[in-house]
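K.L.:
Quick paste from Swiss-Prot:
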- 13-33: transmembrane segment (TRANSMEM)
- 43-63: transmembrane segment (TRANSMEM)
- 71-91: transmembrane segment (TRANSMEM)
Amino acid sequence: MYSLSLPTWNIHIVTLVEWSIVIRLIYLFTYFYDIPRSFNFLIIILMIFFFLSGLFACCWHFFNNNSILLWISVAQAALTAFSNFFFLLFISAYYHK
C-alpha cells in the first residue's frame, strides 16, 4: 500500500467517487429530460467499464504492485482500451445521424 503517496491515493479515490456520482447524474439527467433509454443504457455501461478500470488500478496499487496480481494490471489495460474504443464508436455513431 506504500507504493503511492497520500496525495496520489487521494486522487485515485476521488476519481472513483467522481465516476460513481457522474454515472448517477447521467441516469437522472436522461430520466428527467426524456433522452432515449438506449442512450442512457449504453453510456452508463461504458462508464461502468471506466469505473471498473479505475477500481482495478487501485487494487493493483493497494497490494504494492505485486507480480502475482499482474492479471489485474492486464485487465485494467484491457478495460481501458475496450472502453475508449467503444466510447469513441458510440459518440461517432450518435453524432453521425
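Backbone N, Cα and C define each Cβ position, glycine as well.
How buried are the listed features, and what sits near them?
P.N.:
Within the chain, the transmembrane segment (13-33) has long-range Cβ neighbours (under 8 A, six or more residues past its boundaries) at 39-40, 43-44, 47-48, 50-51, 54-55, 58.
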K.L.:
Using a Cβ cut-off of under 8 Å, list the residues of the same chain at least 6 residues beyond the transmembrane segment (43-63) that approach it.
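P.N.:
Answer is 1, 3-4, 9, 12-13, 15-16, 19-20, 22-23, 26-27, 69, 72-73, 75-76, 79-80, 82-83, 86-87, 90.
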